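Notes to accompany the following structure.
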Amino acid sequence: MGMGSSNFVIRWVNFLTMLLALAVVIFGVWMSTHHDGCRKSLTLPVLGLGAFIFIISIIGFVGAVKKNTMLLWIYLIMLCIILVAILVFTVLAFIITNNGSGHNVSGLRYKEYQLKDYSSWFLKQSCLVKSEDCNNLAKQYKTLKQYKMAKLTPIEAGCCRPPSECGYPVINASYYDLSFHPISSNNDCKLYKNSRAVKCYNCDSCKAGVAQYMKTEWRVVAIFNLALFVVLSMIYMVGCCARRNAAQSQSKF
């Protein structure tokens, strides 16, 4: 790649990357105002990533315009750091999200989740389950048939109802017949209450449902980071060409 073409490419690539970084920061700000406690845990990493990419893009853009070798060196070092960080994060994210996929239950269109299937890292994440997550079920599924045919989310399946192994008869989407003696020794059967304020929020099945939700969110982030790693790697190679050409240009004077 020639001196002019490499500098031209890196200028425009970094300009577009700055716009992308701004979009990432705006998305992070939106996440910080989101009422979903689970997604809020991703706010700082998203904001930090967006800000860092923006700073790197400015340095690369100015370095390419001015043909400044020192700025391009700083640009390449910082970009290398972020590439290594993204790679490490992505590998770890795929490792910790590798376990836990839920268990099929006969007669249900959704899966149930068990705490033992998940990495302890997910269990340490703070994520507040709102009562609205369960209260809305009665509004969504007005008949027992609709409720039994529903595809509940992991949080709804784990926090809004007792595990199927308890054997409690279903009256409607928000009420189970607890006078029936549970057929399982699972402690969640004792913890579940029909009260809107209690439900199964303290159950292990609820913690497992939250872990599954977090696993899905982090798997999406890992896939995004993998794509970002490929794009930034190509930008890094263009940056290497621009730095080399800038050095050759300065050596002629």
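Backbone N, Cα and C atoms are what each Cβ position is placed from, and that goes for glycine too.
TrEMBL: automatically predicted annotations, no manual curation.
Residues annotated as transmembrane segment in TrEMBL: 12-30 (among others).
Through the fold, the transmembrane segment (42-65) approaches residues 7, 10-11, 14-15, 17-18, 20-25, 27-29, 31-32, 71-72, 74-75, 78-79, 82, 217, 221, 235, 239, 242-243, 246 of its own chain, all at least 6 residues removed from its boundaries and within a Cβ separation under 8 Å. Summarising the annotation, TrEMBL assigns transmembrane segment to 42-65 (among others).
If one looks beyond the transmembrane segment (71-96) by at least 6 residues along the same chain, the residues whose Cβ comes under 8 Å of a Cβ in the stretch are 52-53, 55-56, 59-60, 62-64, 119, 121-122, 215, 218-219, 221-222, 225-226, 228-229, 232-233, 235-236, 239-240, 242-243, 246. Among the features that TrEMBL reports, transmembrane segment is placed at 71-96 (among others).
What TrEMBL lists as transmembrane segment is 220-239 (among others).
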Original post:
Is the transmembrane segment (12-30) packed against any residues at least 6 beyond its ends, judged by a Cβ distance under 8 Å, and which are they?
Top reply: 43-44, 46-47, 49-51, 53-54, 56-58, 60-61, 64, 235, 238
